[in-house]
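The domain 'SRCR' annotation in TrEMBL covers 1-44, 52-152. Among the features that TrEMBL reports, disulfide bond is placed at C13-C23, C77-C141, C90-C151, C121-C131.
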Amino acid sequence: RGHDPIWLDEVNCTGTEDTLFECPARAWGSNNCYHGEDAGVICSGNSDGDQVRLVDSSSRCAGRVEILHGGRWGTVCDDGWDLLDAEVVCRQLDCGRALAAPGGAQFGRGDGIIWMDEANCTGMETALSACQARPWGVNNCYHGEDAGAVCSDSILPEPPQLRLANGSHRCLG
């Protein structure tokens, strides 16, 4: 259950819209809901263990590599980490081609579990979890060895963000 304001109610998308904001819905913030009715999404092809993300940079297409396994996010060790491994991450995130595969926690040290060590991708896999590696969580690493990826789309500007302007507060304008 969420705890912040409920912004959308009675959303009625056709599935062809580019963003959720293009879907017909009640007026922004107008709802008859409670947080027990919060909506969620499960995307195909992103089952637990297949999700990756790049964090701690100014772009979603560059950063420290983190992978979801067993419902927990963890890092990837840079032992054996190379451009072929980063290529799989960039493809999985729809971020273009891999430009670099920095190690040594270039994007900062993660915390928690180190899920993957000695990743050995061919570069053709559709998900990082499909690459050969040591068993989940088995490693000889510390977070100073966290792997990163820089993808070609990281040099493109992020899509514009929506905001309300000239109103008396941030939710009016």
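Glycine too: its Cβ is placed from the backbone N, Cα and C atoms.
What TrEMBL says about a protein is an automatic prediction, not a curated fact.
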Looking only at the domain 'SRCR' (52-152), what are its DSSP counts of helix, strand and coil residues?
17 helix, 31 strand, 53 coil
About how far apart, in whole Å, are the alpha carbons (Cα) of C131 (disulfide bond) and C77 (disulfide bond)?
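Distance between the two Cα atoms comes out at 14 Å.
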What count of other C-beta atoms do you get within 10 angstroms of the C-beta of C121 (disulfide bond), across all chains shown?
22
Near C151 (disulfide bond), which residues of its chain come within a Cβ-Cβ distance under 8 Å, counting only those 6 or more away in sequence?
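Result: L54, C61, A62, A86, V89, C90, L93, C95, G96, R97, A98, L99.
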Go through C23, C90, C131, our disulfide-bonded residues, and report the one whose Cβ sees the most other Cβ atoms within 10 Å.
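In terms of Cβ crowding, the pick is C90.
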Which one is it, among the disulfide-bonded residues C77, C121, C141, that lies nearest to C13 (disulfide bond) by Cα separation?
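Given the candidates C77, C121, C141, the nearest one is C121.
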With C121 (disulfide bond) as the reference Cα, tell me which of the disulfide-bonded residues C23, C77, C141 is the closest one.
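Of all the candidates listed, C77 is nearest in space.
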Whose Cβ, among the disulfide-bonded residues C13, C77, C141, has more other Cβ atoms within 10 Å than any of the rest?
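By the 10 Å Cβ neighbour count, C77 comes out on top.
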With helix taken as DSSP H, G or I, strand as E or B and everything else coil, how many residues of the domain 'SRCR' (1-44) land in each class?
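Within the domain 'SRCR' (1-44) the tally stands at 6 helix, 0 strand, 38 coil.
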